[in-house]
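The structure under discussion appears below in the form of structure tokens.
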Amino acid sequence: MRIGIGNDIHRLIEGRPLILGGVEIPYSKGEDAHSDGDVLVHAIIDAILGACAKGDIGTLFPPSDERYKDADSLQLLKQAVEYTGARIINIDSSITLEEPKLRPYITAMRERIAEVLSIDIDRVSIKAKTNEGLDETGKGNAISAIAVVLVEN
Ligand code: MG
């Protein structure tokens, strides 16, 4: 058994979709990123790579590589797991954003991630909270996520 931690942050800008856990959330802004900007999945990828001591997302999927332009982060997650050969025991994660409220979308996000990883949905935990108006995240200019993953490797 090995444990890993991952975190990520993206600016929120107009004219971009807000993708979290592979689910498009209706909102006026989305993540500014080379890929689809799925901040939650990026944190999970880094946690898995970290658990296996296999580097980080930027090394495995360089932003300078045009193959990853607007990439579906769930596919990157799948590739990262295949790369490590790890079996995911469970994931816990937390997203911080000021708005919109994510509660209606949490189950769909858990389903998408569990499906990609071929694990039960009860092994994927996703929480959401605001930053109480503090810092750039609290002003609605950024979104961040943190994830912890236990793997068997
Ligand atoms: Mg990212």
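Each residue's number is its place along the chain shown, starting with 1.
Positions of Cβ are set from backbone N, Cα and C atoms, glycine also.
TrEMBL entries are annotated by machine, without manual review.
Among the features that TrEMBL reports, domain '2-C-methyl-D-erythritol 2,4-cyclodiphosphate synthase' is placed at 1-151. Annotation source TrEMBL lists divalent metal cation binding site at Asp8, His10, His42. If you look up TrEMBL, you'll see Asp8, Ile9, His10, His34, Ser35, Asp56, Ile57, Gly58, Lys139 marked as 4-CDP-2-C-methyl-D-erythritol 2-phosphate binding site. As annotated by TrEMBL, site 'Transition state stabilizer' applies to His34, Thr130.
Where TrEMBL records a feature, it is marked here on the structure.
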residue: Asp8; record: divalent metal cation binding site; contacts (Cβ under 8 Å, 6+ apart): Val39, Leu40, His42, Ala43, Asp46, Ile57, Ser144, Ala145
residue: His10; record: divalent metal cation binding site; contacts (Cβ under 8 Å, 6+ apart): Glu31, Asp32, Ala33, Gly37, Val39, Ala142, Ile143, Ser144
residue: His34; record: site 'Transition state stabilizer'; contacts (Cβ under 8 Å, 6+ apart): Pro63, Tyr68, Lys69, Asp70, Ala71
residue: Ser35; record: 4-CDP-2-C-methyl-D-erythritol 2-phosphate binding site; contacts (Cβ under 8 Å, 6+ apart): His42, Phe61, Pro63, Tyr68, Lys69, Asp70, Ala71, Asp72, Ser73, Leu76
residue: Thr130; record: site 'Transition state stabilizer'; contacts (Cβ under 8 Å, 6+ apart): Thr96, Leu97, Glu98, Glu99, Gly138
residue: Lys139; record: 4-CDP-2-C-methyl-D-erythritol 2-phosphate binding site; contacts (Cβ under 8 Å, 6+ apart): Glu98, Gly133
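Checking the recorded positions Asp8, His34, Ser35, His42, Thr130, Lys139 against ligand 1, the ones whose Cβ sits under 6 Å from it are Asp8, His42. Across the domain '2-C-methyl-D-erythritol 2,4-cyclodiphosphate synthase' (1-151), mean pLDDT in this model comes to 96.
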